[in-house]
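Below is one structure, written out as structure tokens; comments come after it.
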């Protein structure tokens, strides 16, 4: 019935015990309904990479110039490799640790995926911790990042769109809280001179000075801060609770994590389009700068975003599809998920760049200057700035950061499941004690992620982002497609697909991409 079991199932002297163990493990780690599998794939792929990382890379890569290589590589690399990982996991019914045993001598591809997934999981949960901080502090009548005048603000702090006074050639801004801003003479507002103090938006100072307590350099690393340490602990506890029963528990959560974000994004896009300067920001986003399209860095950034966004080369797709029924129609599911993922990032980009246009105009800067100067915290500066301008801003802030949590957790469930699945494959005796493995894994990951809670943690975060979720994904993708298309054999693998689906779905497209375009472009 399942040819793969003869390939990947370890030999055991007691055959009946091995069969019983495998059947129990499969029943305990299988999707209840196909819809839960699809929604989990959507929440895994459509994550913070779309709402946070895509706009940041687009801003760094010339806006519209980034979209052309992004769509090109999505079609020639992203979709085919997504298909490959789903097919491989479903056919072998194994996670990345042992799925590549099909190609003799190439199991290292699976191990590389696990290592990359562990490193990516550590830094990805930091973003969830950030979102959790904003979510908790949204339960206020007035958002803390909407004003200046707090203890973490500097004299250069200002609120975009607030009244400014000019005196001669120097621009002076008022630092004050909104509660007192109606009476400038009695409020104790202090003037700051922009020629001596660089102007910084209230949302930037909230993010860098209060939440991160960012140090001046990597050398000044410091010790873990209280806020971030507690937030990381809460994040890992949340993940532990949600995945402790495997796909049977995470599949239920996916109903919320997959659908809710689209509603919030739509509301945010409609509102940000009305902000002053939004038009300039959106034009920067959609109009390509043709001279930049030939830049190798932009194509490299687009490739890494395609892999990161689709969760290719992390092993999570293989681990998820391993829990599917052998005859599950994954081809149609793949088309749905890839389409959702591709356009969600573009969709979210409109909200980000409309807000960038608004902030750039408030600072009297060009959109390009502001966008390219922004760091990885871009979404945690632009989104809160837009939310602070909305009517009933606390309500919309709660909804938005709940959406970010939903997006982040959906992807993190799958990433954390990869090392847990690998441990169950390496140590079969612990297969029935999945809950214990989950608790141990989350505890170790929490301790390992504490350096991100230090004042210099943001510099470490940028290093992890550059090296664990960038070129390493493309590197693994190259060996992944070589091992299956050439070492195991394209025709042999398509025969396996036919065994599952009853047809060799999209075989001509896959032949061109797996055997020609994907190896060449990734290389």
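Our numbering is plain: 1 for the first residue shown, then up by one each step along the chain.
Here the Cβ of each residue, glycine as well, is placed from N, Cα and C on the backbone.
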Discussion item. For the feature transmembrane segment as recorded in TrEMBL, pick the matching range from 374-394, 395-415.
Written reply: 395-415
Worksheet item: In TrEMBL, which of 179-204, 335-360 is tagged transmembrane segment?
Response: 335-360
Worksheet item: Is it the case that the transmembrane segment (109-137) and the transmembrane segment (335-360) have 3 or more CB pairs under 8 Å, with pairs at least 6 apart in sequence?
Response: no
Fill in: residue 148 (disulfide bond) and residue 309 (Na(+) binding site), distance between Cα atoms, whole Å
35
Worksheet item: Can you find at least 3 Cβ pairs under 8 Å between the transmembrane segment (37-55) and the transmembrane segment (298-323), where each pair is 6 or more residues apart in sequence?
Response: yes
Practice prompt. Compare 67-88, 227-247, 298-323, 335-360, 436-461 by their Cβ pairs under 8 Å to the transmembrane segment (467-489) and return the stretch that comes out on top.
Written response: 298-323
Practice prompt. Taking only the Cα atoms, work out how far residue 46 (Na(+) binding site) lies from residue 148 (disulfide bond), in Å, as a whole number.
Written response: 34
Discussion item. Within this structure, do the transmembrane segment (67-88) and the transmembrane segment (298-323) have 3 or more Cβ pairs under 8 angstroms, counting pairs 6 or more apart in sequence?
Written reply: yes
Worksheet item: Do at least three C-beta pairs under 8 angstroms join the transmembrane segment (436-461) to the transmembrane segment (227-247), pairs 6 or more apart in sequence?
Response: yes
